[in-house]
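Down below is the structure, laid out as structure tokens.
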Amino acid sequence: MAAKRNSAATDAPETLPVPTEGTALALDPRLSKRVESVIPKKRHEALKWFGWGYNDSQFYGQDGIICFRGEKYPLGGCELPSFTKWVEDKFEMKVDQTKPFPQLPKSYPRPVDNAPFLRELKGSTKVDFSLEGIDRLVRCHGQTLNDIYSLWHHKFRRIPDVVVWPRCHDEVVQLVRLAHKHNVMLLPYGGGTSVSGAITCPQNERRMICVLDTSQMNRLLWLNKDNLTVCFESGIVGQDLERVLREKGLTVGHEPDSYEFSTLGGWVATRASGMKKNVYGNIEDLVVRVRMVTPSGTLERECSAPRVSCGPDFNHMILGSEGTLGVITEVVLKVRPLPSVRRYGSLAFPNFEQGVLFMREVARRRCQPASVRLMDNEQFMFGQALKPEKSWWSSFVDGLKQRYVTAWKGIDLNEICAATLLFEGVEKEVQRQEALIYEIAAKFKGFPAGGQNGERGYVLTFVIAYIRDFALWQGIVAESFETSVPWDRCSLLCRSVKQKVVSECQKRSITFYTISCRVTQTYDAGACIYFYFGFRCLDVANPVELFEAIEHSARDEILSCGGSLSHHHGVGKVRSHWYRSAVTDTGSALYSATKKHLDPKNIFALGNLLPEEKEDAQPKTEGALLSASTTPPKAKL
Ligand SMILES: Cc1cc2nc3c(=O)[nH]c(=O)nc-3n(C[C@H](O)[C@H](O)[C@H](O)COP(=O)(O)OP(=O)(O)OC[C@H]3O[C@@H](n4cnc5c(N)ncnc54)[C@H](O)[C@@H]3O)c2cc1C
């Protein structure tokens, strides 16, 4: 989504060191420049301190109707009567626009001091830093429900004590050395979009916590047009990266739903997945080479050859390291020429099972378009509700009526589900793909439902992220969770997890809730499933604990159905309970040994992956105890 750029971020001297690559002839040194970012150094000047996205974009209530403001998005300035009705029916509540919005705290947690560290930071480096409360607060968390709820209710006991903004690899090397020397905890911070608790400050850390904000390390370092590779610093934000490349007729094609705000370093550190992975690959397919600064030295592959057989691949040690091993500073990525054609489509299926069979067949024949996503009925209806007055539900139905009126017979609107499609490539290839996809869909009773519906589905993705804050404001807690699963367990897992959530809600007398799922990625061997869950919590004392207890049960169910701990959100702190059993004791010992070698003083003590020992853990309430299993379930091979 286009946004005004931040020129303040361009003031760094251009004398910063620039690594070179390959044959100098293929390189254009003029390219090495800081990118004007849409996100200012003082993030809170453009982004909400208390939730998701831009300050000027949000859902709000007016005369009992839900509206959306924010000119960067197509729903900007729209009233949403259907969505209002959906909320009223689902949660039996009216929009209450008189509810207060959260207020910034009047004071911030007292910082832990480490005078020798600060003295040396000021004296022997040129790294900019801040001790201001607001700079510390906005970087103490990611985007989990728990994070946002804690912010709204001023619950964070521990926030960073100092924020630093290095501008290049060498400054990171200096900072890591300093932190190691003075035993300061370092927390690499990219876009702050983590949904695993990965950047939430460990609440029991007694050392000074220094957040290393990568936003000022966002240069395009070089571009090699012969090899179609590009090197960026790790702090570049997704939309900036794509904009710069687009100007040169190129794209990386990595578009996670958070790409407006998440960074290249964050993608690598979490093993992110983008919606167009079918054409461009997931982040691990796109990375050619990556540099990570650790207290024991810099870890990187020596050359940019496309594939090497040279023992275990240490790029994969860095991918998914979740900030616990070091700071990723520079990444070499593959680029592709921009596609000449980009076309949307959509399909309707009589029920979810037919839709899954269609997805499976598309994967079997390896003919996935850039993106194909299947929504269940609940999510489909929710998507329809999110239309401005008189728009696409009517056009959707009309479209179907006009073209497929006879085929509609026998389709139950309580069962219908839909897939959205995005095709990219050259015209001929896109036409071939479209024909094949619609032919396969027909075998599973699927109907084309128009490009406009498909486009809306993708565009809405960026707006949907704003709903959670509105829901919380109104007294609904909601969040998504995801997994990946082999094909033969896909439908079973979707059904079982939804049933589990329903029964957990009933057990806890939660009457008003929503649980839905979608298949978002397909592979040869299985798929990625996304669940959305929310419930009305107006009279609940500890809604987040309750939510987490139910989510915990849902994760147990996912694992016992043969699903993974995570397809792309990562482990962080939220899923660390299951990490050891997911990778075996031997695997977790290997990770610990690696960490000990790279970071002997544990300065990257984020507490991700393997849970930290809890020194003063609070006793759990009944809601949490009800479902917190001690032995994580395991699926058979
Ligand atoms: C609305 C929404 C939609 C999302 N959609 C997707 C999606 O489609 N696909 C997907 O994969 N994820 C998605 N996510 C999750 C999140 O955006 C990703 O995990 C993303 O990769 C995080 O990047 P970030 O720059 O925000 O990292 P942060 O949140 O800042 O950090 C995440 C982790 O990476 C570490 N880290 C960050 N930068 C560095 C660095 N330079 N060196 C070392 N460690 C570092 C941090 O320490 C932390 O452990 C979504 C999240 C939200 C809120």
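If you go along the chain as it appears here, the first residue is 1 and each next one adds 1.
Using the three backbone atoms N, Cα and C, a Cβ is placed for every residue, glycine included.
The feature substrate binding site is assigned by TrEMBL to ARG468. When secondary structure is read from DSSP and collapsed to three states, ARG468 (substrate binding site) falls in the helix class. Long-range neighbours of ARG468 (substrate binding site) (same chain, six or more residues apart, CB within less than 8 Å of its CB): GLY51, TRP52, LEU145, ILE148, ALA478, GLU479.
Under the heading compositional bias 'Polar residues', TrEMBL lists 627-637.
TrEMBL lists 156-338 with the feature domain 'FAD-binding PCMH-type'.
Taken from TrEMBL, the feature site 'Important for enzyme activity' applies to ARG373. DSSP assigns ARG373 (site 'Important for enzyme activity') to a strand.
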Cβ atoms near ARG373 (site 'Important for enzyme activity') (within 10 Å, other residues, all chains): 24
